């Protein structure tokens with residue numbers, strides 16, 4: 001079997017948002033294609049295979065074009081049906097160049113996109129400054145913090161719309177945009193349209209030219225509402241995707257913050273949770289939640305003024321704050337521990353010890369089922385290893401040097417209290433636990 005007849009389905013695929021402004025219409029590759037072409041992400045039977053998916057940047061009508069230099073007609077092995085496999089995941093109204101009129105039809109769609117309008121209710125808008133292509137990389141930070149007026153000629157305007165299955169035309173629109181979840185979210189799957197508890201927040205760029213406005217898709221998130229006894233609900237953020245041309249520019253944070261603000265205003269919602277977050281999303285969420293707690297006059301200032309940040313914590317007060325901020329227990333604990341780290345006196349050995357006990361106890365109780373499967377020495381080793389990883393991550397996030405907390409040398413604060421001394425306290429604090437409704441962690445990498 002010639003290797004030249006095998007193609008990687010991910011690197012062979014190129015996506016382009018046709019009509020997207022300011023240079024964001026360049027082709028980009030998906031992150032995953034295994035939901036479509038199998039775990040090996042390999043397509044057999046073609047040489048020089050190229051899968052081009054052109055998408056109208058507003059309406060998201062797709063045009064599929066599959067080309068190759070040669071097809072292995074001589075083989076007795078099964079040749080993969082490239083178009084047949086991907087069309088199972090495309091919206092029913094997709095176009096394919098296997099039809100002679102498809103290119104012309106797609107050109108008509110792109111022209112008609114000038115009349116496209118976002119579906120649903122606008123819930124937020126924000127601006128970013130226009131950046132020259134040559135300066136884009138160095139200007140990411142300023143883009144994220146721009147507060148230009150929407151009427152400023154140097155402003156780019158972005159809008160977020162909320163939709164449900166009841167929004168006219170949204171079911172059809174969602175069938176087009178859901179493909180991006182498979183291509184950019186590991187483990188994603190399509191959601192069921194007969195489940196009525198879904199809602200969606202979609203991000204667009206709004207472009208004004210010659211007194212006309214057009215809207216161009218950038219990403220979206222889906223949320224699911226769970227009923228909670230007796231008369232409240234939890235909202236679970238299920239899927240979250242920002243397409244590659246718009247990443248690393250603060251748009252993910254803007255979308256997440258908008259969702260959080262919307263949820264927090266709902267009196268009958270107890271908390272916002274996230275379904276199996278990736279490490280990238282954890283960082284995005286941590287940064288935005290932390291920024292909110294550190295806002296002038298906010299939680300951190302209030303807690304510090306009341307001397308509430310030192311371990312052991314006032315559990316009743318902390319829980320009341322969690323309910324007020326509507327963060328899930330694990331996420332609340334993480335950002336709270338970051339705020340505590342920022343206010344920790346690392347020269348105070350007792351403060352350091354109590355902080356370490358608190359963090360380890362939280363890790364232990366959230367992962368007790370997994371840890372109990374290990375020998376006692378392995379438990380202690382894994383707990384210490386995870387603690388060190390967590391604190392290093394926190395230090396990177398908040399800009400605190402944590403070397404003294406982790407130093408195992410004779411003069412390091414971390415060496416003053418051994419695992420034997422802490423073990424009983426860690427496990428004793430583990431008796432009280434939060435239930436997040438999602439069951440135990442799925443893998444050890446999620447210990448923290």
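Positions of Cβ are set from backbone N, Cα and C atoms, glycine also.
Here is what Swiss-Prot says about this protein:
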SITE      198  site 'Interaction with histone H4 N-terminus'
BINDING   240, 241, 242, 247, 248, 249, 250, 251, 252, 253  acetyl-CoA binding site
ACT_SITE  275  active site, proton donor/acceptor
REGION    407-448  region 'Disordered'
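Positions of the features from Swiss-Prot, shown on the structure.
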residue	record	DSSP (3 states)
198	site 'Interaction with histone H4 N-terminus'	strand
240	acetyl-CoA binding site	strand
248	acetyl-CoA binding site	coil
275	active site, proton donor/acceptor	coil
Checklist outcome for this item: Here the 10 Å Cβ neighbour count for residue 252 (acetyl-CoA binding site) comes out at 25
Checklist entry - So which other residues, same chain and not among 240, 241, 242, 247, 248, 249, 250, 251, 252, 253, have a Cβ within 8 Å of the centroid of the Cβ atoms at the acetyl-CoA site? => result 219, 246, 254, 255, 284
Checklist entry - Non-local Cβ contacts of residue 242 (acetyl-CoA binding site) (under 8 Å, 6 or more apart, same chain)? => result 203, 218, 219, 251, 252, 255
Checklist outcome for this item: Sparsest Cβ environment (other Cβ within 10 Å) among binding-site residues 240, 248 belongs to 248
Next on the checklist: Can you tell me the CA-to-CA distance separating residue 275 (active site, proton donor/acceptor) and residue 240 (acetyl-CoA binding site), as a whole number of Å?
Outcome noted: 10
